[in-house]
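Since the structure comes first, as structure tokens, the remarks are kept for the end.
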Amino acid sequence: MILFRRHRTFLLAFTLLCTLLGLGCPLTCEVCKGSGHTCSGKMKTCEDGKDACVVLVSESSTKGRKSVNTFKACMKYKDCYSGFVSTTMTPSDYMVSNAHCCQSDGCNSGSVPPPLNNRTENGLMCPSCIAPFQETCPGTQAARCVGRETHCIYFAGNVQAGIIHTKFATRGCATESACHTKAGAEVPSAFYLYFLRRADCLPAPYPPGRGE
């Protein structure tokens, strides 16, 4: 605890010196990941190009296995979205998240409220598929959109889990906020880092006989 306090005091003093001298010193963020609605870790200096801190809490289901996780790290501000995002591929494969992005030292040391997980179908549908180890995804199934999901997404690229890198592609329903994600972005989740080569996001078509 004493060493942690000394380290934090040093970082604060270093940041103040950088500000006074106009040196443009790198950002420092809390870095951690873990199960539950919060996590705590060490303050780390962000690498070049990463100019934001993020804290993200997510609730996900993978083939029906549910989990709640929290992630804190450095990332590029242009890739960071503050707020709620929901995606659904199948009734048992989905993720909802709430995130906060900020640009001052240690600004992600707190927590964010857990996302509201409304699984009520809203009548919209999107092409759906999950294709690990693949670059494309046919979308021959249909995802039933829930809650505030009004858009269809098609994301593809590479995913990193620790030292493992592999291809992935997926399609399904999403909230409009998912459209913030663009091709070329690095998108974090609790235990994975996605490098997107494709990030399509379009309004979901209304079913026949149903107008806007």
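Note that Cβ sites are derived from N, Cα and C of the backbone, with glycine treated the same way.
Here is what Swiss-Prot records for this protein:
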- 1-24: signal peptide (SIGNAL)
- 27-117: domain 'UPAR/Ly6' (DOMAIN)
- Cys29-Cys53: disulfide bond (DISULFID)
- Cys32-Cys39: disulfide bond (DISULFID)
- Cys46-Cys74: disulfide bond (DISULFID)
- Cys80-Cys101: disulfide bond (DISULFID)
- Cys102-Cys107: disulfide bond (DISULFID)
- Cys126-Cys152: disulfide bond (DISULFID)
- Cys145-Cys173: disulfide bond (DISULFID)
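Where Swiss-Prot records a feature, it is marked here on the structure.
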| residue | record | Cβ contacts under 8 Å, 6 or more apart |
| --- | --- | --- |
| Cys29 | disulfide bond | Met43, Lys44, Cys46, Cys53, Val54, Lys72, Ala73, Cys74, Asp105, Gly106, Cys107, Asn108 |
| Cys32 | disulfide bond | Cys39, Ser40, Gly41, Lys42, Thr70, Phe71, Lys72 |
| Cys80 | disulfide bond | Ala52, Val54, Ala99, Cys101 |
| Cys102 | disulfide bond | Ala52, Cys53, Val54, Asn108 |
| Cys126 | disulfide bond | Ala142, Ala143, Cys145, His151, Cys152, Ile153, Arg171, Gly172, Cys173, Ala204 |
When the domain 'UPAR/Ly6' (27-117) is classified with DSSP, how many of its residues are helical, how many are strand and how many are coil?
3 helix, 52 strand, 36 coil
Fewest Cβ neighbours within 10 Å, where candidates are the disulfide-bonded residues Cys39, Cys53, Cys152:
Cys39
I'm checking region-level scores; what's the whole-number mean pLDDT for the domain 'UPAR/Ly6' (27-117)?
96
Cys74, Cys173 as disulfide-bonded residues, winner by CB count within 10 A:
Cys173
Which one of these disulfide-bonded residues has the most other Cβ atoms within 10 Å of its own Cβ: Cys46, Cys145?
Cys145
